[in-house]
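Below: the structure, in structure tokens.
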């Protein structure tokens, strides 16, 4: 049914359709976007599952990500080894979560991981400070940054341990409908 | 994160294997795991399913294998079909680009515009198929001549076309002798009625959906943390927009910090009285302006009618004079909001959000009162005037209003955005590029849609005209936005915007339209000489007559029973309302109970 393509086997495409929010056409389109980043590295035949990884510099130069202040964290969160270098699987995963079809809880989960700079499963004060600096382009003084982080932790920390766990974060997201 | 113990994974696979295919796919998509892990889980689940089915049944025969293969290919077919439907959703790419360059708040205006466009397309399609096409079969010839002015004034040649109520026949159309016949009266009233019922349900469900998603208890919202962690609009990919958003966020945070440091300004009693007096004065001024505008429109309309009736000339001059009323109305609608905005600046509100809300409420009051006074004029004055066909006159009035409003919308875009950009970049550089004024544009859309809804009864093809108008407005606004405007500086509560748009569309606009249509259908006497309801005492009388005819057939006794006992019986509605009130009260109490529960649980977590 539809165009015959030779990049993936039918089972691979079915698996991708089941595991991401994308349709068949969108998966193929994303594959071509992935390939366009480095045509010499990415083969046109994925049926034998080649192990191809694109370095972070290429991913970060994509027009959708290049102006996003969190692009490095996004790439690190979705990459296999946490270094920002992404295989096609990671690539599809990232766009699937960032697409508008992903539910808010899934996005909240990954947003938490993105804001957790030191990967300790808690957003502590230093993570928040880095977030604020990225969001405001280092325009605030360090006292202001510190004050803001203290206020955020004070408001959102439900179990009073001085840092935000995933549960605190999700609790805040539920009550703040502006989260995109 | 947490290392899933082998048991946890087995439980997951077991529960996934028990679900139906659709639910299973949804659950796998939602798993917060890497793609590799998801694929492993999926394969294990599929193996589990085949294992279970092998345990359950006998050998998978040829038949079941065939069926399974057929099911898989059917699902693939369904997937590709939904892909094509997805592509049919018009302008998806354009909307994405707008969202990327200007953020979600500006995008919500365009999404609202496409939403309204769908209403009009739906109305046009059903009106055209059920009312206009049968009318073509029984059409009378049109003897009037066509001059170009008809496109603007809607009278002349158009008077004897399917555009207006007056042209439709009241006969039962049948082409073949003793063949199936088509009752135009019933078709007219049922088509319009069905459309409004469906609109009502769609609006209600959309409002409920948006309310449930976006209604935040204002006391519980934690302003700072949500501002920091939740308001980054990941949709934006334009570099300028990103920089602007960052600067905006840093300004907001700075303001927030300085507010905390500043003492809460305690106004002295004199100052408080002064502020209240200023607010009251501003409200008096705006309500007075609205009343003056309404009075002006009303007297102009009555004057118009007198001249029209007296003169009855058909030359170009008097027909062009009919355009004065719509132009004055549109002019008032365009200029007075600027006055309100200026008033709001004078009042010095405590926050910019308050200023915006108060201005929007005042503009809504102005627009709805102008529509209201026009409806009063149409239903009380025009309908009782001794003239040939009052419904067609009303239809023509509405046509002119819609058209002139559309022209003013385009002009507003030209002056408000194009010229303002030229002034802002060449003459007076401090002004800068204009911002896209979302509030005013949305209210213009709501006004236009209100007029269209009122006009459906009198001019069945009006939604088609409005549809074309909305198409053109979309493109003009989009081009103007891309060329002339900069991304908005203020951070709106973007998700609440769509909720408030739909609420404004429902509450003053749609409910008002329903009451106008209700009064027309139940109370007013249709004109004697034209239209599908000529000679009846009211438009609704067509339905009562039909019910009386049905009483003589035994096969349709149930329809008559439903009509007498459910639709026109007051006892039924009384019982229905009581049940709805009781259910609402019970839900309210459940919500209160849950709130107390959350408070208790939160205390437990902290301790």
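Keep in mind that glycine also has a Cβ here, set from the backbone N, Cα and C atoms.
Nobody curates TrEMBL annotations by hand; they come from automatic prediction.
Taken from TrEMBL, the feature domain 'TMC' covers B:389-494. What TrEMBL lists as transmembrane segment is B:106-133, B:186-205, B:280-301, B:321-344, B:356-379, B:399-415, B:451-476, B:497-522, B:571-588.
By the count of Cβ pairs under 8 Å, the stretch nearest in packing to the transmembrane segment (B:280-301) among B:186-205, B:321-344, B:356-379 is B:356-379.
Between the transmembrane segment (B:186-205) and the transmembrane segment (B:321-344), fewer than three CB pairs separated by 6 or more residues in sequence fall under 8 Å, so the two stretches do not touch. Across the range of the domain 'TMC' (B:389-494), the DSSP-based residue counts are 80 helix, 2 strand, 24 coil.
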